[in-house]
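Per Swiss-Prot, ATP binding site is recorded for G10, G12, K13, T14, T15, R100, K138. Taken from Swiss-Prot, the feature region 'NMP' applies to 30-50, supported by sequence analysis. Per Swiss-Prot, region 'LID' is recorded for 99-109.
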Amino acid sequence: MIIAVTGTPGVGKTTVSKLLAEKLGYEYVSLRDYAIEKGIGEMKGDELEVEVDELTYNFERDFKGKNVVVDGHLSHFLNADLVVVLRAHPRLIGERLTERGYSREKVGENVEAELVDVILVEALEENENVIEVDTTGKTPEEVVNEILELIEKGVKKRVGVVDWSEVYDEVIPYLRL
């Protein structure tokens, strides 16, 4: 089973993915590291720009039929059995990305993406089996337990659990206005 864990930068994908893989006994794959290792895409500053079709082709060739948890904000474009879209309060995203040294423009871009569900919409356009999990105020263990519970119950689709439309005023300082 291929489980893709995706979401806006700063939601906790890597931490949750590694823990989920450990609890399931699956291999953990960082999509970014995989792309670099395979020579897919090119670095532009600190960012890796990849051709999504080439990435998905190579990933499917190398991992089809294997049990993996793959982490990356493009992982929802893969042919996965389940896509987990992690969400976090946009203010929290802004704080985390600012701490990581992201430019004001990049922080604003990602806060806005979280605010208007960009990754969730993309995931739903690409996949049937999508579950959305709000990580706000939860430990990585709590998030992983929620995901495992949904998997054990056979839940293949759960969306609409997050609505940030009421928090717009809180995140204005992070937006590119």
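We count from 1, first residue shown onward.
Cβ coordinates come from backbone N, Cα and C, glycine included.
Sequence features, as recorded in Swiss-Prot, placed on the structure.
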residue : record           : contacts (Cβ under 8 Å, 6+ apart)
G10     : ATP binding site : A88, L92, I93, R96, L97, R100, N110
G12     : ATP binding site : L86, A88, T135, P140, V143
K13     : ATP binding site : V5, T6, G7, D71, G72, H73, L86
T14     : ATP binding site : S30, D71
T15     : ATP binding site : P140
K138    : ATP binding site : E146
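Look at the region 'NMP' (30-50): DSSP puts its residues at 8 helix, 7 strand, 6 coil. Summed and averaged per residue, pLDDT over the region 'NMP' (30-50) gives 84. There are 11 other Cβ atoms within 10 Å of the Cβ belonging to R100 (ATP binding site).
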